[in-house]
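*Asks:* Just passing along the structure, written as C-alpha cells.
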Amino acid sequence: MNARQNSAGTDREAKELGYLWPLGIVAAGLVVLKPLENVIGYFVDGSVRVNASFEGTSVSLPTPVGADVPLDGASTILVAGDLLPTGALVLLLIGQIIGAVLSLAAVWMLLLFARNLAKGDFFGRKSIRLLDWSSGLVVASLAAPGFFELLGTNWTIAKLGWSGSDAPEPTILDQTWTFLLILVILLVVNLIMRRGARLEQDQEGLV
C-alpha cells in the first residue's frame, strides 16, 4: 500500500513539475527574442535601432542621411549600420547579445528554483543557492546590457552630429527605477528565504 501511495505521489509530483518546462520555454523565448531584436534587425536590413528620444527637445539640427528620426518623439531612432563607427556598433550589438545570454541563464536558474520549491524544499541550501544565482543573473541581465548600450548610444549620437539641447536623450536611463524595484524585490525574497532557513534550523535544534 505504501509503495502504491509513494508511486502515486511521485507521478502526481512529476505531472505538476511538468508544467514548469513549457512555461520556462515560453519565458526563455520571450526574454531572448526581445534583446536580440536589434541584432536580428541589423543582419536583416543593415539598420540599428538606437534607444534615444527627442521628446521634450527642439529638433533644429538636420537629420543625417541614413538616420530615421520619428516625428512623434518615440524612443527608437533607426540608423543605417554603415553610418556608425565600428566601436559604437559593437557596443550596441554586444549589449543585446550579453543581455540575451544572461536572461536565458536567469530563466533557467529561476526554473530550477521553482522546481525545487515545488518539491517542498523551501528553505534548503540548494533553494537558497539557486535563488542567489537567479538574483545575480537577473541583476546582471538588466545592468550589463544597459551599460554597453548607453556607451554605444552616446557614441552614436555624437557621431551623427547632434549635440547640446538638440541632442536626443538615451532612454536606457528611463529604466533605472524598474531596475531598482526588481533589485529590492529580489533582496527582500532572499532575506525571507534566509530568515526562514535560520528559523527552520532553530526549530530542529529545539526538537
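Just so you know, glycine gets a Cβ as well, placed from its N, Cα and C.
Pulled from TrEMBL, these are the listed features:
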{"type": "TRANSMEM", "residues": "20-44", "note": "transmembrane segment"}
{"type": "TRANSMEM", "residues": "88-114", "note": "transmembrane segment"}
{"type": "TRANSMEM", "residues": "135-157", "note": "transmembrane segment"}
{"type": "TRANSMEM", "residues": "177-193", "note": "transmembrane segment"}
*Asks:* Mind pulling out the one from 20-44, 88-114, 177-193 with the most Cβ pairs under 8 angstroms to the transmembrane segment (135-157)?
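*Replies:* That would be 88-114.
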*Asks:* Six or more residues out from either end of the transmembrane segment (88-114), which same-chain residues have a Cβ under 8 Å from its Cβ atoms?
*Replies:* 20-21, 23-24, 27-28, 31-32, 35-39, 42, 48, 50, 81, 127, 130-131, 133-134, 137-138, 140-141, 144-149, 151-153, 155-156, 159
